[in-house]
Amino acid sequence: MVLRNRRVAYYYDEDVGSYNYGYDHCMKPFRIRMAHSIITSYGLDKKMSVIRPPRATVQDMTRFHTDDYITYLQRVSPELAEKMPTYNERFLPPLDCPPFDGVYEFCSISAGGSIAGARRINHGESDVVINWAGGLHHAKKGEASGFCYVNDIVLGILELLRYHQRVVYLDIDVHHGDGVEEAFYTTDRVMSVSFHQFGNFFPGTGDIKDVGVERGKYYAVNVPLREGIDDDTYAFVFQRVMRNVMESFRPGAVFMQCGTDSLSGDRLGCFNLSMKGHAACVEFMKSFGVPLFCVGGGGYTIRNVARTWAYETSVLLGEPVEPSLPYNDYYDFYGPEYLLDVPASNMTNMNTREQLEQICSDIYEHLRHVPHAPSVEMHDVPRDWPSDSENDDGSDNEAQANVASKAKRQASGVRRRRAANSRNAGGAAATAAADAAAAADADAAANNSSGSNFSD
């Protein structure tokens, strides 16, 4: 059943569009400002809570990332990188992840929205949260990767795990969500699901046989696809896999990375999804009635990125919009048709029905090893992470001064729900990572929840 009129929170900081990876770099944060302009031109901002996110602090980021890496991000500049090239290459791949001006501030906006949005879900203030500045899924514990510096997704999921026994991470970017999968590769509290192009394509990971290790075995689900997949074939495999995942795992929340480089005509991707085919995935996940957090990600034909994220905002709101674009700040980008649409092309679909059916069958067999709704040990909900960002002047809507008392008031209700879930769930014990994510000690949680670091 599709739920309408759900409480939707939308995180946006107008500064995010001002950062620049470099003139020749294909990652353009400006696309987020373009999407926001379309959203406001349709009046969608008036139908949801628009919140400027608090900036993530060093303490926030080091719940997953290493101290020395975040310290370097704070200090690095193009000039410093030129003076210390060897040190820079330790943390930042020189071509993909340049040390541009303001890189740390850019990361603090992206990560701040994902952390604050997760808290909003935890406190029952929103059922749907949107942070198009997030979704940087390649970043590793101690280094940048694939245009991604700070993994806002991992930080957001760590926050969700404090209140939710199980979280699904879903990735529809054309690239494999390797950084998030690695972070939770050894835990049974996060099931990562990635639909991606596979075979001689960055980052080269995400084989269907990669299913996790230790307690996380069978909790990593990879759907490797070939070039040219279209709306119908994508929907066929997506709906079958995600229905099985949701029925088997029964998550308390879904964190969905909506990278748009899987659209037709992307500068880097080789899929053939239309805007509506991409958005159909969002609509399908919304239909489960589970708290849903949508973030951005890849997408390098920026006019298509902006149109798609604006359209998916309307889908999450349940508000139909006209196909003709209203006048907005970047109207000339969308000519000559000036439509809210990204059509598919006539490129060849290299995915056969037999291949996709085999993928679905293999994943179904993997999921049969997952205990039905694995339980975790019951515990009190810990107080929220202390953070300097909670007291930022620009985040009135996210004023967290009263969060600790609110969490205390809600704790008894949460414990009752968890007790009921625990009685109905299978007998699987919580992993060390899962226990740490729910512990009151923030430092212990960060170190244990991140799982193994498999980066090179």
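Glycine is treated like the rest: Cβ placed from N, Cα and C.
Listed features, source TrEMBL:
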DOMAIN    25-315  domain 'Histone deacetylase'
BINDING   Asp96, Gly146, Tyr300  substrate binding site
BINDING   Asp173, His175, Asp261  divalent metal cation binding site
REGION    375-456  region 'Disordered'
COMPBIAS  377-386  compositional bias 'Basic and acidic residues'
COMPBIAS  387-396  compositional bias 'Acidic residues'
COMPBIAS  406-420  compositional bias 'Basic residues'
COMPBIAS  421-456  compositional bias 'Low complexity'
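Structure coloured by features recorded in TrEMBL.
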{"residue": "Asp96", "record": "substrate binding site", "Cβ contacts under 8 Å, 6 or more apart": "Ala144, Ser145, Gly146, Phe147"}
{"residue": "Asp173", "record": "divalent metal cation binding site", "Cβ contacts under 8 Å, 6 or more apart": "Gly135, His137, Ser194, His196, Gln257, Cys258, Gly259, Asp261, Ser262, Gly297, Gly298"}
{"residue": "His175", "record": "divalent metal cation binding site", "Cβ contacts under 8 Å, 6 or more apart": "His137, His138, Gly146, His196, Gln197, Phe201, Phe202, Pro203, Gly259, Asp261, Gly269, Gly298"}
{"residue": "Tyr300", "record": "substrate binding site", "Cβ contacts under 8 Å, 6 or more apart": "Cys26, Met27, Lys28, Asp261, Asp266, Arg267, Leu268, Gly269"}
What other residues of the same chain, not counting Asp96, Gly146, Tyr300, have a CB atom within 8 A of the CB centroid of the substrate site?
Cys26, Met27, His138, Phe147, Cys148, His175, Phe202, Leu268, Gly298
So which other residues, same chain and not among Asp173, His175, Asp261, have a Cβ within 8 Å of the centroid of the Cβ atoms at the divalent metal cation site?
Val174, His196, Gly259, Ser262, Leu268, Gly269, Gly297, Gly298, Gly299
Taking every protein chain shown into account, which of the binding-site residues Gly146, Asp261 has the largest tally of Cβ atoms within 10 Å of its Cβ?
Asp261
Longest CA-CA distance among Asp96, Gly146, Tyr300, per record bound to substrate, angstrom:
13
